[in-house]
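Engineer: Pulled these features from TrEMBL for this protein:
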type	residues	note
DOMAIN	170-336	domain 'Helicase ATP-binding'
BINDING	CYS395, CYS398, CYS435, CYS438	Zn(2+) 1 binding site
BINDING	CYS404, CYS407, CYS422, CYS425	Zn(2+) 2 binding site
DOMAIN	430-587	domain 'Helicase C-terminal'
Amino acid sequence: MISNTDKNSSAKRILKIAIPAPLHQYFEYLAPAGFPLTPLKKGLRVLVPFGNQKKIGFLMEISEESVWPKSQLKQALAILDETPLLPDSIQELLEWTSRYYHCPIGEVFANAMPQVLRTGKDAKKLKNSVKKRTKEINRDELTNHSENNLNLSDQIRLNNHQRQSIESIVNSLDKFQAFLLNGVTGSGKTEVYLEVIQAVLDRGKQALVLVPEIGLTPQMLARFRNRFSVPLVLFHSKLTDKQRLENWLLSKSGKASIIIGTRSALFTPLLHPGVIIIDEEHDSSFKQQTGLRYHARDLGLVRGRLENIPVVLGSATASLESIFNAKQNRYQILHLPDRAGLAIQPSFHFIDLRQQKLDQGFSPALLQTMEKHLQNQGQVLLFLNRRGYSPVTICHDCGWTADCQRCEQKMNFHQKPAHLQCHYCGYRRPLDSRCPDCQGQQLLALGQGTQRLEQTLKKYFPDIGIARIDRDSTQRKGSLDKLLKNIHEGESQILIGTQMLAKGHHFPNVTLVGILEADSGLFSADFRALERTGQLLTQVAGRSGRADKPGEVWIQTYHPEHPLLKHLLEQGYLSFSELLLQERRLSLLPPYSYLALIHAEALSSAYPFDFLNEVKNQAKLVGKEISLLGPVPSLLPRRAGYYRCQLLLQAKQRNTLQGLLEQIIKPISLFASSRRVRWSLDVDPIELF
């Protein structure tokens, strides 16, 4: 730390500081007394007075002049670093992020730092205190995550498509190139990643691998640690501040060769960047939904260009935006059309629920098929994207339903302990034995959640081990690892889960996948719903028949004749995506247009409308080629007591939309109505909430 007590004062120059605050401006300070200014570099952390507080800001510019008299400027208290903690490429990425997402630069810089460094700790001392370790976890810990039946140590034989994909990527390791690795489920995308990373390591460089969910990191970690004898670190939300700092410093110093993490790992500085791999690039988890609303996939491409390294986007169900970019030759597409090894694609079967009598969500046809596969020692995976016991609790006598008073939505019933829970705001309350309206005692649980499925299956298959994987069953530390271990060791033959179970997991003994409700995404108001439905169904189906045993997928639906559903299962996801792109083009929806969503909420229902109407009027003054849709209530009009509205901005050209946002973002921050609401801007929204 270099403080204002240092001698040899230089001329009073002006430091322009970015403060982590919701303000789109720099703040000017006099340099600390006696501090030589010539070696100062952009990005240094600076301790400054801010109101009646002290804040850590970031040096952005040095100037001789100020719009304010120097006598009115406060003096910075200390410059905390001798050199910037972030390399030039990351600083440039953060400035690009601030401009594109219209988020204050101070908040963006702070977002990229470990929490410990945001508090002003001396980075040099912290670096010296980090233990000289080269492994995030040791071999004993790895056995808890390893896929015991996969024989990962065996040499995997690559097929021609894998070899061609690896060759294309490796030949571009000395330049920026975006690749879309489009492989069917089970096609061996991870093996392509491993071979590319080996080539990167052979060049003395580092690899950054992004995964959408924390639940995928243990499996991927096991694969990577089994292959590579190099230092590897993890980044995810469960790390302590100390662990995150240690891993950050190891990455920055180049001591960590492979970095695996969820979306925030994108901003991790690397001494020798070599490749960025974004697995399951279509996954919505890569989009931050609060604060700085960035998309890690999109920023990964920006970072790759800045650092002149290739970026690999991998998916069996690529986003329509990525498929469109490949068609426009912005990405080089690499196909893996065949499953790896001896595995073949599963067969698909519809169960017409109009012709079946259900028992707690199960048709006789599905139960019979389950019994056949279980008798043949296969595992069965059942998918229902609804946790809890039941989504509706109703009084048989008067029709009362259990609603969340803060969201005006139905509360889900959960067992063990019995309680009602709102899945939107998280509010919980116990379930009374009597109806609060009529005092009747016949309260009925309607519909199915994963807890109810588990209870029903114990009745049909009392001697079969069952594993339920959802947010409720994996809350405790280590619970997900234990469940996955039981699955791979064969202790659990029936797997029940939400979308947590559909993402990237490899279960070689699963021979049957049952999808209990395939219809929920076919009739949504969200224009992305069909894309998500296609991705989810394809990913879930892809868990079946991944080894040498043939797999089946049975789908319960009330609409087996739905043209898009049939096309998806008969022609595959890529052909399905072509149909969706045609619809998007005719409707001028992304990727054929560009969106921004301004969202406002308040405890009074009138305030969000008032604010957004002012925003709309301001936008009309400067944006002649922008469509303004709204303001309208959000799809979830009330949440946690707040009334919610939104204004959607749409333009045919990205530059047109960005130009408008640049002109209105500061004026609307000064509206009197803005002080009565909580508002946010989401550029390229993926959730029209």
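Residue numbering: from 1, along the chain as shown.
Backbone N, Cα and C define each Cβ position, glycine as well.
Worth saying up front: this structure is predicted, and the values here are computed from it rather than measured.
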Engineer: Restricting attention to the domain 'Helicase ATP-binding' (170-336), give the mean pLDDT.
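Structural biologist: The predicted confidence over the domain 'Helicase ATP-binding' (170-336), as a mean pLDDT, is 93.
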Engineer: Apart from CYS404, CYS407, CYS422, CYS425, which residues in this chain have a Cβ no more than 8 Å from the mean position of the Cβ atoms of those residues at the Zn(2+) 2 site?
Structural biologist: GLN405, ARG406, GLU408, GLN409, MET411, HIS423, TYR424, GLY426, TYR427, ARG639, ALA640
Engineer: Of all the binding-site residues here, CYS395, CYS438, which one's CB has the most other CB atoms within 10 A?
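Structural biologist: Max Cβ neighbours within 10 Å, all protein chains included: CYS395.
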Engineer: What Cα-Cα separation, expressed in whole Å, is found between CYS435 (Zn(2+) 1 binding site) and CYS422 (Zn(2+) 2 binding site)?
Structural biologist: 18
Engineer: Which of the binding-site residues CYS404, CYS407, CYS422, CYS425 has its Cα closest in space to the Cα of CYS395 (Zn(2+) 1 binding site)?
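Structural biologist: If we rank CYS404, CYS407, CYS422, CYS425 by Cα distance to CYS395 (Zn(2+) 1 binding site), first place goes to CYS404.
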Engineer: Expressed to the nearest Å, what is the distance separating CYS422 (Zn(2+) 2 binding site) and CYS438 (Zn(2+) 1 binding site) at their Cα atoms?
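Structural biologist: With the alpha carbons as reference points, the distance is 23 Å.
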Engineer: How many whole Å apart are the CA atoms of CYS404 (Zn(2+) 2 binding site) and CYS398 (Zn(2+) 1 binding site)?
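Structural biologist: Their Cα atoms are separated by 18 Å.
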Engineer: Give the distance between the Cα atoms of CYS425 (Zn(2+) 2 binding site) and CYS398 (Zn(2+) 1 binding site), rounded to the nearest whole Å.
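Structural biologist: One finds 27 Å between the Cα atoms of these residues.
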Engineer: Can you name every residue in this chain, apart from CYS395, CYS398, CYS435, CYS438, with its Cβ inside 8 Å of the center of the Cβ atoms of the recorded Zn(2+) 1 site?
Structural biologist: HIS396, ASP397, GLY399, TRP400, PRO436, ASP437, GLN439, GLY440
